[in-house]
Amino acid sequence: MNLIVKLRRSFRTLIVLLATFCLVSIVISAYFLYSGYKQEMTLIETTAEAECTDIKILPYRSMELKTVKPIDTSKTDPTVLLFVESQYSQLGQDIIAILESSRFQYHMVIAPGKGDIPPLTDNGKGKYTLVIYENILKYVSMDSWNRELLEKYCVEYSVSIIGFHKANENSLPSTQLKGFPLNLFNNLALKDCFVNPQSPLLHITKAPKVEKGPLPGEDWTIFQYNHSTYQPVLLTELQTEKSLSSLSSKTLFATVIQDLGLHDGIQRVLFGNNLNFWLHKLIFIDAISFLSGKRLTLSLDRYILVDIDDIFVGKEGTRMNVKDVKALLETQNLLRTQVANFTFNLGFSGKFYHTGTEEEDEGDDLLLRSVDEFWWFPHMWSHMQPHLFHNESSLVEQMILNKEFALEHGIPINMGYAVAPHHSGVYPVHIQLYAAWKKVWGIQVTSTEEYPHLKPARYRKGFIHNSIMVLPRQTCGLFTHTIFYKEYPGGPQELDKSIRGGELFLTILLNPISIFMTHLSNYGNDRLGLYTFVNLVNFVQSWTNLKLQTLPPVQLAHQYFELFPEQKDPLWQNPCDDKRHKDIWSREKTCDHLPKFLVIGPQKTGTTALYLFLLMHPSIISNLPSPKTFEEVQFFNGNNYHKGIDWYMDFFPTPSNTTSDFLFEKSANYFHSEEAPRRAASLVPKAKIITILIDPSDRAYSWYQHQRSHEDPAALRFNFYEVISTGHWAPSDLKTLQRRCLVPGWYAVHIERWLTYFATSQLLIIDGQQLRSDPATVMDEVQKFLGVTPRYNYSEALTFDPQKGFWCQLLEGGKTKCLGKSKGRKYPPMDPESRTFLSNYYRDHNVELSKLLHRLGQPLPSWLRQELQKVR
């Protein structure tokens, strides 16, 4: 009994203790909740003077660093899928400019209001590593089927999304983003922004103090959220409380947010405006890097070289005096504390030494006494444009004078770098300049702003010609007439804008190597050259993690082509298509020496016969014969291309009538060349293209017999079947012969490559069998295709020679002019085993060719119809 009483008392005691514990817990919880609320309210009501370096003042609890799921880069190709509003929308163009400047691959499509999105996978691999929406509303308003399809792809292939929201006059003051725990407040005027230093996406961007001042425009969107997946990247304030009554002007708001993927497994970065604000560009580049798993990323290393052209050149009052030279030296030392190995690179024209005022001549002397402090490179002696010199010897004389001046004054002559006045002769290439440079100076490197064109600057590239490395050169807004700060074109604010996040800043941001062109006059008077680069370097170091350094020109060139080896080969263009190019191209040259059409092959299909038939027309003129390749120039497909367009155009006569005369060339190797279509489209983009197709099996056999007749060792050692059926173990000469027999017969593959660069209306496909049996009809079709006049009557001009077995030109007196003895040879018929092998080998290629011809609206040749019947 006592035991039961004791148990009851213990139970009551336990109940009392539990109740007491619960009450204490409630009190403690209430205290901390109230304290947390007060702390949060304190964090939200932040003053405008807050600095981002003090993390305690940041207004979002989500600014605490969270673990982000790593991006799996193995499942996708490194390509961006870009949805734009239209082909010409400004934001879309700005996005493309950054992608192209960064050399990131992208595929642009118009964002569908309704309908399907493009295919996202290919053979089980994702085609895109990142999706960008110019208008994020197009993404959130997609129909459920396509949105689910896209988001499933993003989750499965570890793909992220970047989106922009640009408010307009129709935007509601506030709204919730459909499908997201995210509120948008639109059309706001903002000021004083800073970068969240704890944002995980920061790579290039540094988070310094607040960027004071109003943000451009009054159409900003800010984001508010109540989910741990969101983290602010860029924060700012309202300019005034009147912007929106429900928001406090003392609160910090996010204009760029990062979605860590905790909500639905997809990481995103959203921008509350376009890319007009320079910080948005910087963060956009970092967002691409982070969300692509660093596959689409820019290195932090930046090489800059500042050239000062026209040393000793310039009229009185625009040159450097002693104080200017001392300032140049002092600034160089200052910049060396921020840019490793920084050295100004001085380009001189010795003829103009001591042609200024007395003070300016003293400046010349101080420059020469300080010669070892700088790097030096030769301009032309008299600052003449090299393309005006029509022979190499005259250029050599000018260069020798400048070299003698350099030797007399102790200027180093072994830097291996030169710049031509106005970049004349560098591109378009003036071969005499390259030859003279090598002969007198041993030049290894030059630079130009003209390749392939001056604008847009992001397309500038390098190339190598005649063993001289040509680097892209950048402008910086300083020209010979840019002398005074207050008189800067558009006002001094334009120069400052370029430095502080504008064009000049972006040049360094987006180019791993930048050679800047400045002039002597930029370092006198207001010394805008010094002002520009001191402020530019300070700004870059304040806002980025970029590592700035300088290399001598030759080392810089080697570094450039290590980064961009694909640029070594030039891509020649028609100088007459760019006014700037034509202005710095010799007047002795003419673009009339370029062909209007090309006969591209393939070999052993009847191209020589077509060539001779074309020459019968009074208005059609071919190239002059080559001593090595006879009637074929073979320019676009091989090493001849590196000899330049002057070499190529020398093969063509001057037409008597540039309108009615048609220059052409026939090179049968062009057809299957990987380089020829792109090169031809660059130099002669309006040219028409003619190709001839016969049964690829017959073509392969004919090539084999052709090689036997030319005593090719492999063709003599192996029979035809052994050649076409050999495996990977075969000796190199046999594999080479096999490729030359088989690969040109991949007709659809090669034609598609040409159609990548030329319109279908520029391509004529001739049935080789019809050309052999009925050439007059084919030539009528060719004339119509070319638009050549007058129409030539081939029916009366051609006659069949039964002895030769093909058609010949009928001359006066009944004589004929036929193909040479090497053409139309009689070979033993192909063995059945080889015929069967080739029929199987080309089956898929022939099917693809039939599809291509159907798409082009062209009839199928008889041989192709016969081969397709075998497929069934």
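All positions are counted from 1 along the displayed chain.
Note that Cβ sites are derived from N, Cα and C of the backbone, with glycine treated the same way.
Positions annotated as active site, for sulfotransferase activity by Swiss-Prot: Lys604. DSSP assigns Lys604 (active site, for sulfotransferase activity) to coil in the three-state reduction, placing it in neither a helix nor a strand. On its own chain, Lys604 (active site, for sulfotransferase activity) has Ala668, Ile694, Arg699, Ser702, Trp703, His706 as residues at least 6 apart in sequence with a Cβ closer than 8 Å to its own Cβ.
The Cβ of Arg825 (3'-phosphoadenylyl sulfate binding site) lies under 8 Å from the Cβ of Gln705, Ser709, each of which sits 6+ residues away along the same chain. According to Swiss-Prot, the 3'-phosphoadenylyl sulfate binding site annotation covers Lys604, Thr605, Gly606, Thr607, Thr608, Ser702, Lys823, Gly824, Arg825, Lys826, Tyr827.
The secondary structure of Cys808 (disulfide bond), as reduced to three states from DSSP, is extended strand. Its Cβ taken as reference, Cys808 (disulfide bond) is surrounded by 20 other Cβ atoms within 10 Å in the chains shown. Here Swiss-Prot flags Cys808-Cys818 as disulfide bond, drawing on similarity to another entry.
Within the same chain, the residues at least 6 positions away from Asn226 (N-linked glycosylation site) whose Cβ sits under 8 Å from its Cβ are Pro181, listed in sequence order. Look at Asn226 (N-linked glycosylation site): DSSP puts it in coil. Positions annotated as N-linked glycosylation site by Swiss-Prot, on the basis of sequence analysis: Asn226 (among others).
Marked as N-linked glycosylation site by Swiss-Prot on the basis of sequence analysis: Asn341 (among others). Cβ neighbour count for Asn341 (N-linked glycosylation site): 11 (other Cβ atoms within 10 Å of its Cβ, all protein chains included).
All protein chains shown were included, and the count of other CB atoms within 10 Å of the CB of Asn391 (N-linked glycosylation site) stands at 9. The N-linked glycosylation site annotation in Swiss-Prot covers Asn391 (among others).
For Asn657 (among others), the entry in Swiss-Prot reads N-linked glycosylation site. Taking Cβ-Cβ distances under 8 Å and a sequence separation of 6 or more, Asn657 (N-linked glycosylation site) has no neighbours in its chain.
Cβ neighbour count for Asn793 (N-linked glycosylation site) (all protein chains, 10 Å cutoff from its Cβ): 11. Annotation comment: Swiss-Prot describes Asn793 (among others) as N-linked glycosylation site, evidence class sequence analysis.
The annotation region 'Heparan sulfate N-deacetylase 4' is assigned in Swiss-Prot to 36-588.
Under the heading region 'Heparan sulfate N-sulfotransferase 4', Swiss-Prot lists 589-872.
Feature annotation from Swiss-Prot assigns topological domain 'Cytoplasmic' to 1-13. Averaged over the topological domain 'Cytoplasmic' (1-13), the predicted model has a pLDDT of 53.
According to Swiss-Prot, the feature topological domain 'Lumenal' maps to 35-872, an assignment based on sequence analysis.
Sequence annotations record features per position, and here Swiss-Prot assigns transmembrane segment to 14-34.
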When distances run from the Cα of Gly606 (3'-phosphoadenylyl sulfate binding site) to each of the recorded positions Asn341, Asn391, Asn793, Cys818, the nearest one: Cys818
When distances run from the Cα of Cys818 (disulfide bond) to each of the recorded positions Asn391, Thr608, Asn793, the nearest one: Thr608
Pairwise Cα distance for Asn391 (N-linked glycosylation site)/Asn341 (N-linked glycosylation site) [Å, integer]: 39
Of Gly606, Thr608, Cys818, Tyr827 (the recorded positions), the residue whose Cβ has the fewest other Cβ atoms within 10 Å: Tyr827
